[in-house]
């Protein structure tokens, strides 16, 4: 929300030059950031007072969650007497439904709601309010702007330009190359210290960024010369380039990409405007959004109209009689006003009624020409008006822009009716598959504004909930629901400025608000530190498991498919547990194979991890040379509690010298990773996660991320847990977390989990490496999401917000839609609240999806649970079968999900999520898929 001081200038008095603070606000952390204006303390009604006209109440959402009635009482009592009433809200917890309620209450009671996301930002709002009444304080204004610039990490313009100029002095480094290098690494020092692999990963520079191109004489629907299907696709039949493309000779870098990169090098933000079908008002939205952005005279805005189906920007902007001007610098854009330029295909048409009936190759060549020949100069926001649908033109635009640098994102325009939303869903899928970030959805013509009474009414029926319901379903952001003003269409027909003709229209206000939403969404920083994109696909090529069924992945998988249960009563701990069978038989844990000296050095958890790692490495068939470049991330949740008690008793009895020298290594939770690394001579990254029951999933997710961004070639990842002893049992019993009878996820009579022990290790490596050595691939790790519910030490929220957020983020990371997920391996530990909250979160995102939890078969292995469940899900994907829930003969879960009671075949939608949640609020989700080229 952008604060505009001029809103307050008309009604402010010039009496007090001070900001008045309520005495009770002493100690408020935001006041330490108020440095540029004077303030004093007094007994006032509001928390802060700017003159007698404005009262400001300050609210922390963290406080509001604990005392929900506090702010409503204060707003009703302490807001009286102020003509202008402002509620300044610090968003320091997950907002969810709270902000909606506050917004409605403020709307009904006449309060202005301002949101800030840090104490420093809140202080800036207070200073801005003061400066709106004292506009001559230029030095204070400069100080605030400089501090905001520093807080947002915005580098100085001259420093950036000096760095770019320096890099351009290197032979073959273009201006756009230099800008991308500085944008990625941040400084010349970091570029100098970067290795070759990191430099090649810089967007637009490395060989991985080269994408397909389409020759001028190609057939329609050509896959492109850089595509793996070049010369092999059905559309290639009869093409004169077929033989060349099939041989691979055509796969070379397009020299025009460098020209496009240079032309767009000074364009800071490039935004695609897309629509699923024609007639939803995409071009009108583009034009009015550009005018709204251009209201800020310090910004340079441009429109590129490549809507070949119907280029209408020239008419909307009143530039229909203009033509393209050429010079030595290239094509010059047409200026609508001082800071708003445009270029349209319409300028190239001889007659405004001419149809564009060019074939695919010529259309793509025209788009390339528009990108490489138009001399835009320095532009802040370039809006690209594209044809409706997902045609060749969209693919070409995306390819050219990605090769030449980057796309900030796409805005998708729709109308409320389902017939329009059906095509927008395809557009969302297109963006996710091509890697284009989706900034959000605009629901155009959501309401109709009557010109007689200026009341609004629904224009189209939203039979399925409109864009809002679709955004929730597909995990995308709804930017705005725009009203339709008939005068807007009239102005477009006449080529007049709607903002100038009808400044009082609600539609104008909506577009201005939309512009204020988009600017923070794409970030207005001069230099953007680009988050590293997953450039390597990561696959699972080896699995090792130790479980209550025994040692080995196969024995566990076979028993899960058969629906067997491994939990038994243990006389030592006097309760039902999932203990690994010990003995000399096949699949039993044979401790005699370990020397006494080895067992003294490590905990039982480390021992189990080594067993699982040994099986996984044998399964993967990696050789010793491969292991030199392999890292490890293996976690453990609970230390060796019995060893701690034993040592404590020795110290208590004065027998310090009898304490084993291996005491500290045995109780460190990173030692399973250390033992594996030492055993196999691993020289890659050595890490260990410890996030309670989410440990295993975090270990695998973080390891996969390391491979994906190029920091490791392969990783040994997973988790282990071995804490079946009276100490741990007593601790969990005191938490009332354990069941004394059975582990029954989703069952009506579930009353807690059964404690178990086990370990699982997976071998992760790059897809290209696995294919080179012809390795068996179980599954691909498509996405990873993590969150925290920020709620309670041991209990989740009833609405499962932590689970929902981690699944949403995982889905976004995997570029899949909710409808593409076929199965979810639930965390479900058999607790009454936990299972219900997770079921609710799943049903909200993935209605009618298959769901099961293997904790009914083997109990809860705590830190190892996520690793075991990931390994089993990968085996399910490979074998095309889904494990059912054990002991599920009755359930009270009424949510719209399919709880499997037995194993079923898996023949479609081979994409699965694995959930793990832990004490303290950590939530993690992995997305696993069958490998597809």
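The backbone N, Cα and C atoms fix where each Cβ goes, glycine too.
The local packing around residue 245 ([4Fe-4S] cluster 1 binding site), expressed as other Cβ atoms within 10 Å of its Cβ over all shown chains, amounts to 26. Taken from TrEMBL, the feature [4Fe-4S] cluster 1 binding site applies to 222, 236, 239, 245.
According to TrEMBL, the ATP binding site annotation covers 276, 277, 278, 279, 280, 281, 282, 283. Residue 278 (ATP binding site) falls within neither a helix nor a strand when secondary structure is assigned with DSSP, and so counts as coil. The Cβ of residue 278 (ATP binding site) has 15 neighbouring Cβ atoms from other residues within 10 Å, across all protein chains displayed.
Note: residue 450 ([4Fe-4S] cluster 2 binding site) has non-local neighbours 456, 457, i.e. same-chain residues 6+ apart with C-beta under 8 A of its own C-beta. According to TrEMBL, the feature [4Fe-4S] cluster 2 binding site maps to 450, 453.
Sequence annotations record features per position, and here TrEMBL assigns domain 'Ketosynthase family 3 (KS3)' to 535-930. Over the domain 'Ketosynthase family 3 (KS3)' (535-930), the average per-residue pLDDT in this prediction is 94.
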Nonlocal neighbours by CB distance (under 8 Å) for residue 283 (ATP binding site), same chain, sequence gap 6 or more: 305, 307, 310, 312, 313, 316, 385
Residue among the binding-site residues 277, 282 whose Cβ has the most other Cβ atoms within 10 Å: 282
Cα-nearest neighbour of residue 279 (ATP binding site) within the listed binding-site residues, 236, 239, 245, 453: 453
Neighbours of 276, 277, 278, 279, 280, 281, 282, 283 excl. site residues, C-beta within 8 Å of centre, ATP: 275, 388, 413, 414, 415, 420
All-chain count of other Cβ atoms within 10 Å of residue 279 (ATP binding site): 11
Cα proximity to residue 277 (ATP binding site), best match among binding-site residues 236, 239, 245, 453: 236
Secondary structure of residue 245 ([4Fe-4S] cluster 1 binding site) (DSSP, helix/strand/coil): helix
Residue 236 ([4Fe-4S] cluster 1 binding site) versus residue 278 (ATP binding site) - Cα distance in angstrom: 29
Fewest-neighbour residue among binding-site residues, criterion Cβ within 10 Å, set 236, 239, 280, 453: 453
Cβ neighbours within the same chain of residue 276 (ATP binding site) - under 8 Å, at least six residues apart: 388, 389, 412, 414, 420, 421, 422, 423, 424, 425, 426, 427
